[in-house]
Structures are given as C-alpha cells and as structure tokens.
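A.B. asks: This is the structure I want to talk about, given as structure tokens.
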Protein chains: 2
Amino acid sequence: MSEKRTEISELGEFALIDHLNESIKIKNASTLKGIGDDAAVIDSGETVKVVTTDLLLEGVHFDLSYAPLHHVGFKAVAVNVSDVAAMNAIPKQITVSIALSNRFSVEAVDALYAGINAAAEHYGVDVIGGDTTASHSGLVISITAIGEAKKEQISYRSGAKVNDIVCVTGDLGAALVGLQILEREKQVFIANPDMKPQLENFTYVTGRQLKPDARMDIIHEMRDLEIVPSSMIDISDGLASELFHICKSSGVGVTIYEDKLPIDKQTFDTAVELGLDPITCVLNGGEDYELLFTIDQKDYEKLEKHPDIHFIGHVTNAEEGKYLVTKSGTTAQLKAQGWKHF
Amino acid sequence: MSEKRTEISELGEFALIDHLNESIKIKNASTLKGIGDDAAVIDSGETVKVVTTDLLLEGVHFDLSYAPLHHVGFKAVAVNVSDVAAMNAIPKQITVSIALSNRFSVEAVDALYAGINAAAEHYGVDVIGGDTTASHSGLVISITAIGEAKKEQISYRSGAKVNDIVCVTGDLGAALVGLQILEREKQVFIANPDMKPQLENFTYVTGRQLKPDARMDIIHEMRDLEIVPSSMIDISDGLASELFHICKSSGVGVTIYEDKLPIDKQTFDTAVELGLDPITCVLNGGEDYELLFTIDQKDYEKLEKHPDIHFIGHVTNAEEGKYLVTKSGTTAQLKAQGWKHF
C-alpha cells in the first residue's frame, strides 16, 4: 500500500511498542488500567482482576537444546505469575495456547504440560482454556494469567513517593550468568559432540535461568503483614531498567547503593570466570523474576528482619536523578541498558 | 527422556487436546467453567467474566499472499469476539500479543494494528495489554478476549433440551468457498505472475473468508428481547461439527432440514463452479463465525420474523440420533467431518 518502508530496527523495539500504543483508546469503564504496567486491571465488583500475557517462541525465548520441556512449561507459567505478583495480586486462572510442529511427539508435549501443570499446582492457578494448533516452525507458547485483589491492594508502578525505601527480593544477576554458561556449554557441545557439558558447578545460576520461581511467597507474606508496596514491578529486564520504569511512572528519582545489591556467591564467581563485571550483571541482567518495590518508611520495621528482602536505596525527587553510590563512595548515573542489549 | 515416541498424527488433534485436558484439575472456587466451551467463565461478584484465547500463525491460519494485514488484524479480534458472543456475553477487553520477523516493516505493523484497532472500535473492546516480540519465522498473533454477563445470561453448550428449536444466524459455507477461490487464484498467479487474480465476481465469499464479522448484533438483539438461548456455540469448524458439540454436551439428539439451511446465492453458484456440493459446504465449511443456538419454543415468536435468524430443526432425545432430512424427504445421518478434513 504505502510506498515507504521503515525497518523495525530503525525505530527500535520500545519505540515500536510506544508507537503502537499511541493509537489505543480506552472505551469501557471497567478498564481501570490498560497498557503500561505489569498487568492490566479490570473492575470486577468488590475486587479487581489483573490480566497479563506473554508470548514465547522457540529460538527467541528458549532454546530446547539445553532447556528441558518440563522447565520451559514451568517457566512460561512462572513469568506470567510474576507479572500478577508485581501488581500485588493473587493469580487464579491461566489460559495456555501452544503451537507445535510435527517434530514434537506426544511424549514431548506431555513433558511440556507436566511442567505447566506443576507450575499451576505450585501457584494455585487453574488452567481454564487455550488453543492447540499446528506450527510450521518451532514451538510457540502463549499464556494469559488472571489474578485477583482488592482495589486498594493493587501496587502500580506509579505510586513511589519521595523518601520511600527501595526493596528487592532474592538475589540478582544469576539468570543472565546462567544463560551465558548454558550458551558456552552449547558451543562446546556443537564444536565437539563427544564433550559432556560441564554444568555441575553452575546448578544455581543455570537453575535460575531455566526454572525461575515467581515470588508469590513475598506477596503472601506482605499481605499477612498488611503491607501494600507504594510501587512494584518484577525484574524481567534488569534492575536498572525496572528502576527507570518506576521513576518514570512515579515521577521520581532514585539513589541505590552498590554494597546493598544482593548477589549470590556462585553468580559472583561465575561472572568473574566469564570475564563479566558482577555488578553489571546485577544491574542489567534480566529474567531474575525477583520483585522490585518501594515501601513507606513506616513499613520498614515490619520487613527489617526479613532474610530475603534487601533495602537497596531510597526514592528522591525527580530532579535529583537516578544514581548508584559505589562501594568506594563515588556516585554514578544509572543507565538502563536492559539485558537484551547487554 | 522417554524411549517411546508417539506421533501427534497417530493420536489426532482432538484426541491430543482431550489427552492434555485430562491432567487438568480445577482448584479455585472462582473458576465456574474451565475448558470445554467457547470460553471459560470466572466469578466476578455480581457478574461473571468469560475468557477466550486464540493463537494464529502465518502459513497455518492466514496466508499473507492474499490476506491484507488490515483484514488479518480485524479477523484475529473478530474470532475471539465470536467466542465471547457464543457465551451470550459482551466483550470488553482484549490483550494482543504479536511476534514479528524483520521481514515486516513498521508500515506493515501499522496496517495490522489498524485492523486490530478497527475491530476493537467496532466491537467496543479495549486493548488492555499484550506482548510484542521478535520471531525468526512468520507472524504470530495471540489474542485473549474478556467479556462480561450476568451469571444467568450465560449460554453454555450443555443447555439444549428436547423440543428446543435449532437456530443459525446469517448464511453458511461462504468462508470455505471464498478460501477455495483465493487458493485457486493464488495458484494461477504462481503459475503466471502476469495474470491478474479474477476476484470481482467473488467479493461476498472472499470477504467472508478474509474479514468475518462476529454476530454481536444478534447477541444485543436477543438481550433486548430478553431471550437467553438454552445453548449456543459459534460456527468455526462447520455446522455439523458444532451440532455434534451441542448434542454431546447437552446429551441430546437433533434433526435438521436441508431446505431450511441458509446459503447465499454467490456461495451456491461458486460452489457449483468449483465442483463442490453446496450443502456439503454449508454442513462442513468452517470459519463462518455465525452463531448456532437453541431456544425454548416459547421464545420462537419473538424471533420468528427476524430476517437473519433461520430455524433449521429441533432438538430430540439422544437415542433418536443426529439427522438431516433432505429436500427429497429422505433422512441421512449427520457426519461431523469438520472443515479441516474437507
């Protein structure tokens, strides 16, 4: 039709998404929040439903040469549950659509579904529908998750306030480092199929890449403690990138401290072995599926002793910018590279 | 892992889906209906939400050599809205995920989204989220639609009762005949690229294939007339196949009459030109996205004069079986071939 051809790469992925979203208008009163957070929020009487979806393609999001189908199924559910968690909601239902080529046997499909069902069991969600279809190329998985919360329990990206404390769960960088190890051993195997992959010293980091766990445990604990984070996001693209999202949505700045950033020993050692800077892995490694959130200072003492929540900094005025205070005490401007551009 | 390899083709697509569904257990009280109807139904206070999803792959579900991207986008929304309609619910929200290869320009993506947005406008739904990702092969579209209704308004496949009247909207077989024409002209074009496709006499049937319209008009009219169909399904796989679904879910039989089956003149003439039996096209042609439903006899006079609803038969006891009474008065057992095996 049009004479003009603009390459997607000229625009960039984020700009393309922004461009497409510009044309979207909200018409229904029940749509409380559309695009722009970890999940959409729709009115549901006393409660709200949150809705999130992910589309995963073989060769883009997972590599079956090292990812077992059981793990692929589990992870496909976990990444959606993580988005529901990031809204401070409880996941209840998922739909699962898959496209399969005839390369897959019934036993392979069973392994995939065993992982999906194990995750559904683990997170207490029901598989309520989906679509199963043929594919001429690889495996495609599309999952939509629906969660529930009271309206006042929802944590948007936009609620961070100056002086709030910045928290992260678990440890960071492991999934990226694990991916590098899996890719390295794959190349070794391709070069010499008689070589057995050396993975025994890397079980934590590879496990974090292959079978991440959404932090529903933290959501339930905070509910018990009657804490509603002022803002929250899950860490799928890297800590720095997610901090940028919260700062942009909330209209605030942030200062975080290098010595507070949580990193596992195996992640640190493996990063060094791979010639990567561990702190860069923590800041820009993706797919950890930990939670990044902010709390009001009054909630601090309720969480202070929590073994798996780390207080990494505080929220500032937007004009103060986004900074990392290094171990040596110098201050560096945060950059949101995102793990894809790593 | 397993030594055994069973081909999906050995099992068949429907058996595979049944096999996968066997492992699914429902845990949450808010899941009112899981797999097994046009959409799932989840509790939502005063109302219920219905949820349906479709995964569409280039080369499997659409062919960009003759389907304009605008139509592909529109149709992807319409087929999901049609599933919401088949539950007698009103669609409110959709999520849209797409995977794109670098073969697609920004202008091409814009055309696709223009179709998606036109359908969202047409059906009054909000695009509330989604995922945009890279693909190494063709275009993949995954849409999830969420609709709303009062609990007592939902029409399941399972509610047909003996002596109910069987109704279909619009006319049938056109989408299949349209597909045959598009495929024929594609082959002509491949054989001789200088030949211009001859489509001007086939605009109705090709339009039905390329840009079907979900029958929300009928749902709104029935709501105004206070009719709740005792059972309903949308015609995506062919009339006979959908009748089988209703009979199986409801535990009933059915008798339909050949002379009552609605077929457009262009569909009839084109089928004959293509050497196809028009009645076979009506019974087994898929993708018409019309509604098949049953009503109590007391509701008949409210719809009797409706220009676009056809009364094609009645519900019988299961033991009486599933029959077509031909124009010549003979009785033939219905077969559910489904259009894919056509």
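Glycine residues also receive a Cβ, built from the backbone N, Cα and C atoms like all the rest.
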A.B. asks: Out of A:ASP83, A:ASP194, A:ASP277, A:ASP288, which does TrEMBL tie to the same Mg(2+) 3 site as A:ASP38, A:ASP234?
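C.D. replies: Same Mg(2+) 3 site in TrEMBL: A:ASP83.
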A.B. asks: So the record assigns A:TYR113, A:GLY130, A:ASP131, A:ARG157, A:SER236 to ATP. If I measure every Cα pair among those residues, what is the longest distance in angstrom, as a whole number?
C.D. replies: 33
A.B. asks: Name the one residue among A:ASP131, A:SER236, A:ASP237 whose Cα is closest in three-dimensional space to that of A:THR52 (Mg(2+) 4 binding site); these are the binding-site residues.
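C.D. replies: Smallest Cα separation from A:THR52 (Mg(2+) 4 binding site) among A:ASP131, A:SER236, A:ASP237: A:SER236.
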A.B. asks: Other residues near the Mg(2+) 4 site, CB within 8 A of the CB centroid of A:ASP38, A:THR52, A:ASP83?
C.D. replies: A:ASP37, A:ALA39, A:VAL50, A:ASN80, A:SER82, A:VAL84, A:ALA86, A:MET87, A:ALA145, A:ASP234
A.B. asks: Which ones, of the binding-site residues A:ASP54, A:SER236, A:GLU287, are Cβ-proximal to chain B (under 8 Å)?
C.D. replies: A:ASP54
A.B. asks: Taking only the binding-site residues A:THR53, A:ASP54, A:ARG157, A:SER236, which one has a CA atom nearest to the CA atom of A:GLU287 (substrate binding site)?
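C.D. replies: So, spelling it out, the nearest of the binding-site residues is A:SER236.
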A.B. asks: Measuring Cα to Cα, how many angstrom lie between A:THR53 (Mg(2+) 1 binding site) and A:ASP38 (Mg(2+) 4 binding site)?
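C.D. replies: About 9 Å separates the two Cα atoms.
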A.B. asks: Restricting attention to the domain 'PurM-like C-terminal' (A:216-322), give the mean pLDDT.
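C.D. replies: Mean pLDDT for the domain 'PurM-like C-terminal' (A:216-322): 97.
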A.B. asks: Looking at the binding-site residues A:THR52, A:SER236, which one has the fewest other Cβ atoms within 10 Å of its own Cβ?
C.D. replies: A:SER236
A.B. asks: Where does A:ASP83 (Mg(2+) 4 binding site) sit by DSSP, helix, strand or coil?
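C.D. replies: Once the DSSP labels are grouped into three classes, A:ASP83 (Mg(2+) 4 binding site) ends up as helix.
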